[in-house]
Amino acid sequence: MPLLANRPCRLGPVGRYAPSPTGKLHLGNARTALLAWLQIRQSQGTFILRMEDLDPARSVSEYALQILEDLRWLGIDWDEGPDVGGPCSPYIQSLRNHLYEQVLSDWVERGLIYPCACSRKDLANLARAPHGPAEEGPPYPGLCRHLSPESWQEKYRKKGQASYRFLAPEGFLTYTDGIYGPFYQDVKAVVGDFVVRRADKVTAYQLAVVVDDALMGVTHVLRGDDLLSSTPRQILLYEALNAPVPRFYHVPLVLGPDGVRLSKRHKGTSLESLRAQGISPEEVTGFLAATAGLLPSPEPISPKDLVSLFSIDKLPRNPFRVTEKDLKLLGL
Ligand code: GLU
């Protein structure tokens, strides 16, 4: 599609960190950002910072500013981003809606997506079915896809709005993750036809992330492994765009002492509060590097000095559980 014809031509790999400004940057997100940055800096590629603020109910502009400040404090820089610009501006998703809409109208024409007027109640009823991973809910069985035009019109008239769903093909999709290795998923069986634009017209994460990574020429996607199961869906969208599929690297997450994924619920692990306690960026980086197998023990180091020590092969294949002792080490 002509949209892709405008992609910048760059030498070397292109990576990115794509935070959602829904909270403060904590040790877990900082680790993902650091690893994505190290991978690209080691291969002298281009590093992009993109703000994924599509969900108006959850995105807060103060967090966006704070995330940039915290990353800079840590010693991470970017060649393109919301504040420095670049050939793919804007680097803020809420300003890129026209691009997602262009893709959606092309896909409507090609019959790749269809409108869905299922109500929450229709879907809540489905939630009782015993399939699908807990966090996703059960697969969508294609209710609206199978309605006659008249029945669909009737359903739409009642609801007054519709989402768009991407038609999931039959069969397994396979890809090889740079960390996880071979990964298989039957998208249709696991999630069914999936939403690419919500009924309130907000572009779904799955679509926006693919359109942006494709248009920005991203070749390396290193991110938390909570997004591993989204990747087959995203590969289907790259294929629909006729865009090259990047290499994916899904890093096992950092868990808190309670065994739950580290998040803002774990008090004191935001970069802002670590900084406020007088912890240096080098101490934070050294701690993160040790959790990622790049240092044998947490020694203060700057991200720049860590570049030559980075290797995908060293990254752990299991989640890292932060202990109370680790937190004490950081003064928490
Ligand atoms: N914006 C997403 C998040 O913060 C990450 C998207 C991605 O790396 O693909 O969870």
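Including glycine, each Cβ sits where the backbone N, Cα and C put it.
Heads up, TrEMBL stuff is auto-annotated, nobody curated it.
Among the features that TrEMBL reports, L-glutamate binding site is placed at Arg16, Tyr17, Ala18, Pro19, Ser20, Glu52, Tyr205, Arg223. Non-local contacts of Ser20 (L-glutamate binding site) by the CB criterion (under 8 A, 6+ apart in sequence, same chain) comprise Glu52, Asp53, Asp55, Arg58, Ser59.
Following the DSSP three-state reduction, the secondary structure of Cys118 (Zn(2+) binding site) is coil. For Cys118 (Zn(2+) binding site), other Cβ atoms within 10 Å of its Cβ number 19. TrEMBL lists Cys116, Cys118, Tyr140, Cys144 with the feature Zn(2+) binding site.
Annotated ATP binding site per TrEMBL: Lys264, in sequence order.
Marked as domain 'Glutamyl/glutaminyl-tRNA synthetase class Ib catalytic' by TrEMBL: 16-289. Here the domain 'Glutamyl/glutaminyl-tRNA synthetase class Ib catalytic' (16-289) has a mean pLDDT of 92 out of 100.
The motif ''HIGH' region' annotation in TrEMBL covers 19-29.
For 261-265, the entry in TrEMBL reads motif ''KMSKS' region'.
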Worksheet item: Distance between Tyr205 (L-glutamate binding site) and Cys144 (Zn(2+) binding site) at the Cα atoms, whole Å?
Response: 22
Discussion item. Let's see if you can do this one: DSSP helix, strand and coil counts over the motif ''HIGH' region' (19-29), in that order.
Written reply: 3 helix, 1 strand, 7 coil
Worksheet item: Cβ under 6 Å from ligand 1: which of the binding-site residues Tyr17, Tyr140, Cys144, Arg223 qualify?
Response: Arg223
Worksheet, complete the sentence: The binding-site residues listed are Cys118, Tyr140, Cys144; by CA-CA distance, the one closest to Ala18 (L-glutamate binding site) is Tyr140
Discussion item. Counting other Cβ atoms within 10 Å of each residue's Cβ, which of the binding-site residues Tyr17, Tyr140, Tyr205 comes out lowest?
Written reply: Tyr205
